[in-house]
Amino acid sequence: MLTAAVLSCALLLALPATRGAQMGLAPMEGIRRPDQALLPELPGLGLRAPLKKTTAEQAEEDLLQEAQALAEVLDLQDREPRSSRRCVRLHESCLGQQVPCCDPCATCYCRFFNAFCYCRKLGTAMNPCSRT
């Protein structure tokens, strides 16, 4: 409660000071630009109307946009169709894929509760591809 009373008193004391600062402003009739309204003693604060584009700049911008559109179309035409892979190479992930490993002696080997799977050659005694 005491804090609210102190803040109220501070605000009431500060209001006359802010009103006195506003009294020194120029009358509103003679003001031509918004930067003169707030600070008449500082000319040119940089508040200017946006510059109009010249016809040369507009033509250059149109040419750039047209060139970008043509480049996108040409990129799509020159792109080769993706080759659908029928197998997974050695040491590449085979997790969730329904295609076999490219190497006939490799198998999809999974570790860490089937969270990490990759094509790997496994050497066993019964496997004809085993390393000897």
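All positions are counted from 1 along the displayed chain.
Positions of Cβ are set from backbone N, Cα and C atoms, glycine also.
The disulfide bond annotation in Swiss-Prot covers C87-C102, C94-C108, C101-C119, C105-C129, C110-C117. Feature annotation from Swiss-Prot assigns domain 'Agouti' to 87-129. According to Swiss-Prot, the signal peptide annotation covers 1-20.
Helix first, then strand, then coil: DSSP counts for the domain 'Agouti' (87-129) stand at 0 helix, 15 strand, 28 coil.
Close to C87 (disulfide bond), meaning Cα to Cα within 10 A, are the following disulfide-bonded residues out of C94, C101, C105, C108, C110, C117: C94, C101. The disulfide-bonded residues listed here (C101, C102, C105) include C101 as those with a Cα within 10 A of the Cα of C94 (disulfide bond). In this structure, the C-alpha atom of C101 (disulfide bond) lies 7 angstrom from that of C108 (disulfide bond). The local packing around C87 (disulfide bond), expressed as other Cβ atoms within 10 Å of its Cβ over all shown chains, amounts to 15. You'll find the Cα of C102 (disulfide bond) roughly 9 Å from the Cα of C119 (disulfide bond).
The disulfide-bonded residues under consideration are C94, C117. Their Cβ neighbour counts within 10 Å are lowest for C117.
Under 8 Å, Cβ to Cβ, and six or more positions away along its own chain, C119 (disulfide bond) finds V88, R89, L90, H91, E92, C94, C101, C102, D103, A106, T107, C108, Y109. A C-beta separation below 8 Å, combined with a sequence spacing of at least six in one chain, links C110 (disulfide bond) to L95, F116, C117. Other Cβ atoms within 10 Å of the Cβ of C105 (disulfide bond), summed over all protein chains shown, number 15. C102 (disulfide bond) is surrounded by 14 other CB atoms, counting those within 10 A of its CB over all protein chains shown.
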